[in-house]
Structure formats: C-alpha cells, structure tokens
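Residues annotated as domain 'Anoctamin transmembrane' in TrEMBL: 13-350. The transmembrane segment annotation in TrEMBL covers 38-57, 78-97, 158-180, 208-232, 307-326.
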Amino acid sequence: MKHFIIVFFVVVVAEIPHPRTESEWENSFSLKMFLFQFVNLNSSTFYIAFFLGRFAGRPGKYNKLFNRWRLEECHPSGCLIDLCLQMGVIMFFKQIWNNFMELGYPLLQNWWSRRKMKKVGGGGQNVENKAQLPQWDKDWNLQPMNAHGLVDEYLEMVLQFGFTTIFVAAFPLAPLLALLNNIIEIRLDAYKFVTQWRRPMPARATDIGIWHGILEGIGVLAVITNAFVIAITSDYIPRFVYAFKYGPCVDKGHHHEDECLRGYMNSSLSVFDMWETKNSSQFRYCRYRDYRAPPWSSVPYEFTLQFWHVLAARLAFIIVFEHLVYGIKSFIAYLIPDMPKDLCDRMRREKYLMQEMMYEAELEHLQKERKKNGGRYHHEWP
C-alpha cells in the first residue's frame, strides 16, 4: 500500500508544468523533492496513527484481504504506543544515520580521490610535495558542492521540523532530540563545508523562497494532525466521556480522577460469544475493545449509545482544538509583526529621502535646460 501511494504521488507530481525562470525552477524542484520525501517518510506514521486497526472488523466478522489475510491490528494497549515507538526510531536512529552519511560520504569520496591521485602520481613524490601545494590547489582536490546548492540542507531541516511538530502529541520527546541533533549538525556542517567541500559560489537571495510557504503548510498540518491524534488515536476522549457521563462520579460531583475512571476498562470492552464460531473452548464469552451491544441483546454487535457519544465528543474536540490553536497563533502573530515598527519607519524615511533626491535632481536638470534655452529661471517646481 505504501509503495502504491508513493508511485501514484510521483506520477501526479511529475505532471506539474515546467517553469520558465531559474527561480521558478528552483522552487518547483524544492517543492517536488519535499513532497516526495514527505510522503515517503511519513506514510508509515500516518498509517499507524489513523489507519492501523481501524478497518480490522470484530470477532466473528473480521475484514480480510482477498478473503484470506486478516488486516493488521494495533497493540492491545492502543495504537498510540505503536506510534510513539515509530517516532522514537525515526527521531533517534534515522538522525544518527543521516549525520553519518552526510559527513561520511564526502570523507569517503575525498579518500578515494587521494588514493587515485597517489596511484597516478607515483605515490612518494606526490606525498612529499603535498605540503607545498597552494591552498587553491588543495581546495580543488576536494569534492564540489552538489548542483542544487542548499536544497538538501533546507530539505533536511524542513523534514525534521515536520517530524517534530506533526506527531508531537504522540512523542513529546521529539523537540529535545531535534535540538540535540541540530547542535551536532551545526558542527558537522561547518566541518563539511570547510574541510570536505570546495568553496561554493556565493549567490544573493531575498528570502528562503518556497521553503517559507512549506513551513507554514507544515504548521497548519501539525495542528490538524495533533488534534486527530489526541481525539482519535489516544484514549483521552473515551476516558473523558466515561468520567462525565458513565462513571461513578456522574451524580456525585467532582472527585479524584482515579475514582471517576473506576470501571472504565470494563466499559470499553465488548462481549463476543465464541460458540457462534463453533469453537469448542470451555469458555463461552471473550472480551474485545469496542463499543458494541452484547450477543444477548435485541440488536447484537451493533454500536452502543456510548460509541456515538464518544464519536461526537471526538469531533467536537477537533473543532474546538483547531480553532483555539489557530486563534492563539493569529493573536501572537498580531502582537509580533514580521517587521518591527522602527524598521518600517526607517524604510519609509529612506523612501521619502530617495523621492526628494529624485525631485531635486529633476528640478536641477530642468533649470539647467531653461538657462541653456534662455527661459525664465524659477526657484519653485516648474
């Protein structure tokens, strides 16, 4: 399923029209690279968070792939544990591997280049004269910077920002691991740029280009994703509904949380009659996680009223959470403008002075023309 999504996504992205200018081409290339890497790296986490175990069915009526294989289910403790483990592996082991490859690949290339030069130059003479080579000659023997400039560096940081924010509710340790990785990344990049790569050609840039829009898109997606993780993947909403609607504290006012959640596990489990499947077990009934009616009810294995209460609470939480976070974000953005007020005043003053200089230069030019042509001299603007 994951490979099918990736192939389909590549075909869709490849249909984006070809740009006309170099800046448009760079933005298009950066966007395509980000989308491909994002789908490739985050498909597993989105699958675990929102699809794993959602369509597996129930005992006696499991959904099967090609009527043969049962669909995968979450751990009995919930899908949040699986998501947390997946994020831990990504944020710890993947970042270590990325740093190793980012520094190890240029080191290996430079070592191989020096080895080839020793073979071509005879070895001894080349080694003796190595200290006498000028610095520019030593730099020429280093690896050239890749053709796409800093796209790979931006891509790495943006993908890390996505991992840190999109599922932070499931793995709160992600920002700390990202901070530690970035501290190490600064020194590794400095060593790589100074000792392993040739000096890149400088180029002016007004801003970070399309990466700013990508970061804003990730921020919006992170709010939506964390709202769904808290409401759907975790057990926060079912516990909340049980404590205020079905628990022992409904008619007793506010009590300790442990007392209000007493009996929650039994309430979250449904009953299945194993004798319906012609099972010869000595136990007739088993329990499974779901909100369904027991087999002896008038509508066996149908969703109970508690299921619909939990579903409504989940949808309400998602709406309230998203609007609250977006409201706080907009308020903070209003309090902290993108450009300070004193800087705006300076820019307006510079613009005014520039216009005044242009007016004075044009006035002086016109006055000289009138003197040359014998016209009348005026001190005011003609």
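Note: Cβ is positioned from N, Cα and C throughout, glycine not excepted.
Most Cβ pairs under 8 Å with the transmembrane segment (38-57) belong to 78-97, among the candidate stretches 78-97, 158-180, 208-232, 307-326. Sequence-remote contacts of a segment are chain residues at least 6 beyond its ends whose Cβ falls under 8 Å from one of its Cβ atoms, and for the transmembrane segment (78-97) they are 41, 44-45, 48-49, 52-53, 160, 163-164, 167, 170-171, 173-174, 177-178, 181, 229, 233-235. Residues of the same chain lying 6 or more positions beyond the ends of the transmembrane segment (208-232) and with a Cβ under 8 Å from any Cβ of it are 23, 26-27, 30-31, 34, 49-50, 80, 83, 154, 158, 161-162, 165-170, 314-315, 317-318, 321-322, 325-326, 329.
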